[in-house]
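Colleague: Pasting in a structure now, in structure tokens, and then I'll have a few things to ask.
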Amino acid sequence: MKTLYSLRRFYHVETLFNGTLALAGRDQETTGFAWWAGNARLINLSGKLLGAHVAHAGLIVFWAGAMNLFEVAHFVPEKPMYEQGLILLPHLATLGWGVGPGGEVIDTFPYFVSGVLHVISSAVLGFGGIYHALLGPETLEESFPFFGYVWKDRNKMTTILGIHLILLGVGAFLLVFKALYFGGVYDTWAPGGGDVRKITNLTLSPSVIFGYLLKSPFGGEGWIVSVDDLEDIIGGHVWLGSICIFGGIWHILTKPFAWARRALVWSGEAYLSYSLAALSVCGFIACCFVWFNNTAYPSEFYGPTGPEASQAQAFTFLVRDQRLGANVGSAQGPTGLGKYLMRSPTGEVIFGGETMRFWDLRAPWLEPLRGPNGLDLSRLKKDIQPWQERRSAEYMTHAPLGSLNSVGGVATEINAVNYVSPRSWLSTSHFVLGFFLFVGHLWHAGRARAAAAGFEKGIDRDFEPVLSMTPLN
């Protein structure tokens, strides 16, 4: 029988006892990893690892294309996107494809094209993945030195980092070009209830763009999540794209400084842990962004935010009761505070009742009714437009409630109502994935640091208590 322990790793690995299962000739004896450790077997086989990554990209792109076509096939133009459980079409609509004034879908053909392009691309990636996994060279260092690497080669690693940064910067500029030159993007703040427009007057002032980073993350400030006009969003992408591209060039041309060589662990598993940490941060930020921000994620497509649905309810009943003769400026609620309107601690007029906690909501249907000091009583009495009433009633009944098992809506709702907002889905999924990525970061960072410190082999098995105990049988 072959030895149970690989030459490389002395801690116990639960695996097949005959040790004969070898996947594509890369077995536990030669690599130190069993088949189920996946790409860990390919740590030193750059060609095969390339195949695994290209095939993985193919799976991702195939999902995007297939899911895109599935959503197009099921799409009903008469219903809002957020009522149909769509998570991809809202992103395409936000980019200005296929929609017109008010977020109304006027053409689904661009969505079909997007799906087909992704499916075709996935076939190319799938072929490349299979080729490099099965037919291509096991290692790239000999035949294609530019694409080869050694994990310990600090200079090569920062060059690869630089290439990645440049690609990210190009991605950021693709959005900029779409907004500036290729038809524009959807702006929920456009007059009259949202429209597609080209963004002409970019915000490039560093004090504005980087001011977002210096804001507090809490209510009324909201860090970068508080961005509420497209000029700032697209201008931010100009800054971000430029920083990524220049940072990429810098990392390609330079070698790591001595402090970085000392401070960081330079191994494949360490790079994996750094990447997982970065993706985790991205996931948590995306969670907050999709939950609170109705500019980057317009409510016409994703449904209202939580605060927006709550304020919409207060507004809807203010409109109703005002029509029935209530004086909304002075009516007292059950707690002695204003029933419809009240003052915040700093003096602004805000909606009363439970929705007071969402006083800092900004939404396109509500802002026209504000004055210099919060909600304007005379505008609330004279200027409310039918479109504002319709939209707030719609948002009130589509709050982003609902659980992960798709049991939708408010707990008191009748069973026939089964509405789950895409905001709930997207923010919850990104939070959960961000958390798992963070745990993966801790796991791989711990292993990488242990390996670098030289105690990867684990506990000394000679002194385990179990060895001195009577066998179970």
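Just so you know, glycine gets a Cβ as well, placed from its N, Cα and C.
Annotated phosphothreonine per Swiss-Prot: T15, in sequence order. Per Swiss-Prot, N-acetylthreonine is recorded for T15, and the stated evidence type is similarity to another entry. Under the heading transmembrane segment, Swiss-Prot lists 69-93, 134-155, 178-200, 255-275, 291-312, 447-471. Here Swiss-Prot flags E367 as [CaMn4O5] cluster binding site.
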Colleague: Quick test of the contact rule: Cβ under 8 Å, at least six residues beyond the ends. What residues does that give for the transmembrane segment (178-200)?
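Modeller: For the transmembrane segment (178-200), the nonlocal Cβ contacts are 93-97, 99-103, 228-231, 234, 294-295, 298-301, 364-365, 387, 391.
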Colleague: For the transmembrane segment (69-93), give me same-chain residues lying six or more residues beyond its boundaries with a C-beta closer than 8 angstroms to one of its C-beta atoms, as numbers and ranges.
Modeller: 99, 103, 105, 108, 110-112, 114-116, 119, 186, 297, 299-303, 394, 398, 419-423, 425-426
Colleague: Among all the protein chains here, how many other CB atoms are within 10 A of the CB of E367 ([CaMn4O5] cluster binding site)?
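Modeller: Other Cβ atoms within 10 Å of E367 ([CaMn4O5] cluster binding site): 11.
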Colleague: Check the DSSP secondary structure of E367 ([CaMn4O5] cluster binding site), expressed as helix, strand or coil.
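Modeller: In three-state terms, E367 ([CaMn4O5] cluster binding site) counts as helix.
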